[in-house]
Amino acid sequence: MKIILIGFMGVGKTSVGKQLARKLNFNFIDTDYEIERLTNKSIPDIFEQYGENYFRKLENSILEKFVKNEDIVMATGGGIITTKENYNILKNEEKVIFLDGSVETIINHVQNERNQRPLLKESENLSKKIEELLSIRYEKYIEVSDILIDINGKNIDEVISQILVYIG
Ligand code: S3P
């Protein structure tokens, strides 16, 4: 089985994914972490030195590589659905789980680590920037996912329980 977590920055894909993988005794793959490992650079450095398009190409090669594995939980970067290649790969997968959080929840989660997220780093109005990106992405998250989990007001354990019920 392969479980892929998608959703906006700050919804807890990495935290949920790590613990879920441990529970299922699956390997955990985090696409951002794999990109950093491959390039030996941080995500903000990649964005700064090579730009977003280059980052998306790396993201695509990582997704293509790891999506072939079985018995994994994969946490993806929030923008993974923005390229056609990644969108198509995810659309064909069976257990793509959309972790959905409100703008307020997202702000609470990303506020203190904005520097690690190049797309939010420099925006003066954080909530407007999140709304803007979400309005472009939301439909795509819905289209490629097989289930939506509302994470508002839930802790990691509660989100994991819901995923475990879903996968049966
Ligand atoms: C991005 C989300 C980040 C990371 C990069 C771009 C995005 O991952 O891939 O900064 O476009 O939403 P997280 O969703 O894990 O923060």
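Note: Cβ is positioned from N, Cα and C throughout, glycine not excepted.
Automatic, uncurated: that is what TrEMBL annotation is.
Taken from TrEMBL, the feature ATP binding site applies to G10, V11, G12, K13, T14, S15, R117. Annotation source TrEMBL lists Mg(2+) binding site at T14. Residues annotated as substrate binding site in TrEMBL: D32, R56, G78, R137.
All features noted in TrEMBL, drawn onto the structure.
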{"residue": "G10", "record": "ATP binding site", "Cβ neighbours (10 Å)": "22"}
{"residue": "V11", "record": "ATP binding site", "Cβ neighbours (10 Å)": "26"}
{"residue": "G12", "record": "ATP binding site", "Cβ neighbours (10 Å)": "21"}
{"residue": "K13", "record": "ATP binding site", "Cβ neighbours (10 Å)": "27"}
{"residue": "T14", "record": "ATP binding site", "Cβ neighbours (10 Å)": "17"}
{"residue": "S15", "record": "ATP binding site", "Cβ neighbours (10 Å)": "15"}
{"residue": "R56", "record": "substrate binding site", "Cβ neighbours (10 Å)": "16"}
{"residue": "G78", "record": "substrate binding site", "Cβ neighbours (10 Å)": "23"}
{"residue": "R117", "record": "ATP binding site", "Cβ neighbours (10 Å)": "16"}
{"residue": "R137", "record": "substrate binding site", "Cβ neighbours (10 Å)": "18"}
- prompt: According to DSSP, which kind of secondary structure is D32 (substrate binding site) found in, if we only use helix, strand and coil?
  reply: helix
Task: Please list residues from the chain of D32 (substrate binding site) whose Cβ is under 8 angstroms from its Cβ, counting only those at least six apart in sequence.
output: T14, I43, A75, G77
Statement: For G10 (ATP binding site), the closest of the binding-site residues by C-alpha position, picking from R56, G78, R137, is G78
Query: Expressed to the nearest Å, what is the distance separating G12 (ATP binding site) and G78 (substrate binding site) at their Cα atoms?
result: 10
- prompt: How big is the gap, in Å, between the Cα of R137 (substrate binding site) and that of V11 (ATP binding site), rounded to a whole number?
  reply: 14
- line: R56 (substrate binding site) falls, by DSSP collapsed to helix, strand or coil, into helix
- request: Would you list the other residues of this chain near ATP - those whose C-beta lies within 8 angstroms of the C-beta centroid of G10, V11, G12, K13, T14, S15, R117 - in sequence order?
  value: G7, M9, V16, A75, G78, L99, H109
- prompt: Among the binding-site residues G12, S15, D32, G78, R117, which have a Cβ atom lying under 6 Å from any atom of ligand 1?
  reply: D32, G78, R117
Field: Separation of alpha carbons, G78 (substrate binding site) and K13 (ATP binding site) (Å)
entry: 9
